[in-house]
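Quick notes on the structure that follows.
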Amino acid sequence: MISAKEVEDAYDLLKAVVTKTPLQLDPYLSNKYQANIYLKEENLQKVRSFKLRGAYYSISKLSDEQRSKGVVCASAGNHAQGVAFAANQLNISATIFMPVTTPNQKISQVKFFGESHVTIRLIGDTFDESARAAKAFSQDNDKPFIDPFDDENVIAGQGTVALEIFAQAKKQGISLDKIFVQIGGGGLIAGITAYSKERYPQTEIIGVEAKGATSMKAAYSAGQPVTLEHIDKFADGIAVATVGQKTYQLINDKVKQLLAVDEGLISQTILELYSKLGIVAEPAGATSVAALELIKDEIKGKNIVCIISGGNNDISRMQEIEERALVYEGLKHYFVINFPQRPGALRTFVSDILGPNDDITRFEYIKRADKGKGPCLVGILLSDASDYDSLIDRIERFDNRYVNLHGNDSLYELLV
């Protein structure tokens, strides 16, 4: 098991390499939740993610002979950037396996940080599939595998986030009540828990997962790590089907509260962080802040830290993020509605169905002359979520056979 001393030893090496990211009180969030909300901005790290800490420390602990062979890793993006940065700085080669679904922004950043030292292999639809391929390649070629989370040196490196948090809080005269920490494979929360429970046991560590990838919750329920059959890859930085054995053992009797955050709430938080605070956070990075909403009554008057774990957000995803946020807020809805095949049907729909401030965001219709009615896909944006019930009443009067796509997961996922 990792001790606080091991985290401190890791920091002795890393402090000359990593950025000591700020711990800042945020007035907007503090006012919103009637608490003192501090943000630990690892999105301002050199690779815009905390992952540099564990990757660099793990590689630095290899022998000269091991490093001369080159290293191998698997990552959904941020760990890969940390490994690439370390490989470049330490002048070694790195073969990096990434899922085919990895955002282009993260792939290009890996190339930028690693330069000629890295070779990227895109394999598998998920991190877990890439990891299997990477481990096989590592064994076949006798190259050290740098695990993204289930490695003691990686965990110790990630734990230096906690060391900085408590040192910064002490300097500001703050006694911390709770720290909200993202969970993917569990490396960050394992390192933070190992350090904080030994040095600052009065501070509660709260684990936060994306609702579509609750692998640590599943491990808690089963009493050991298990593999989820399906995960939502939206929060790609924490979309892991199986948590680490070591990370699970480090936190399962110490972290008492795990929260699962809806991907729509994460999307809403990403937009809020950008528009209100000027912070660019990736989905995984925003998850800790999003979780505040789930226990807002419990945190009133408390000193709270949320870790912005990463800021590697692909700008091309913003449309999807906005869409998910609008759906979560109850403002955007999709229906299949049967339209009479006669002139003026759309005009009637607009005048009779839409409210004065509502809008049609999608309309797909194929006219069939041999039928009296034809199905139409309609997307509607409400000005106020409370108008939903009256909208449904009006749609039912227009077509009592309409279909609300919110209950159809396959079609809804295709649209959103």
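Cβ from N, Cα, C; glycine included.
Taken from Swiss-Prot, the feature pyridoxal 5'-phosphate binding site applies to ASN78, GLY184, GLY185, GLY186, GLY187, LEU188, SER309. Mapped onto three states, the DSSP output places GLY187 (pyridoxal 5'-phosphate binding site) in helix. The Cβ neighbour count for GLY187 (pyridoxal 5'-phosphate binding site), using a 10 Å radius and every protein chain shown, is 30.
Residues or ranges marked as domain 'ACT-like' by Swiss-Prot on the basis of sequence analysis: 333-407.
Taken from Swiss-Prot, the feature N6-(pyridoxal phosphate)lysine applies to LYS51, supported by similarity to another entry. Mapped onto three states, the DSSP output places LYS51 (N6-(pyridoxal phosphate)lysine) in helix.
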LYS51 (N6-(pyridoxal phosphate)lysine) and SER309 (pyridoxal 5'-phosphate binding site), distance between Cα atoms, whole Å: 8
Measure from the Cβ of GLY184 (pyridoxal 5'-phosphate binding site) and count the other Cβ atoms within 10 Å, all protein chains considered. 30
Show, in sequence order, which residues other than ASN78, GLY184, GLY185, GLY186, GLY187, LEU188, SER309 on the same chain lie with their Cβ within 8 Å of the centre of the Cβ atoms of the pyridoxal 5'-phosphate site. PHE50, LYS51, PRO148, PHE149, GLN158, GLN182, ILE183, ILE189, GLY237, ILE238, VAL240
Pairwise CA distances across ASN78, GLY184, GLY185, GLY186, GLY187, LEU188, SER309 (listed as binding pyridoxal 5'-phosphate) top out, in Å, at 14
Give the mean pLDDT for the domain 'ACT-like' (333-407) on the 0 to 100 scale. 88
Nearest to LYS51 (N6-(pyridoxal phosphate)lysine) by C-alpha distance, among the binding-site residues GLY185, GLY186, LEU188, is LEU188
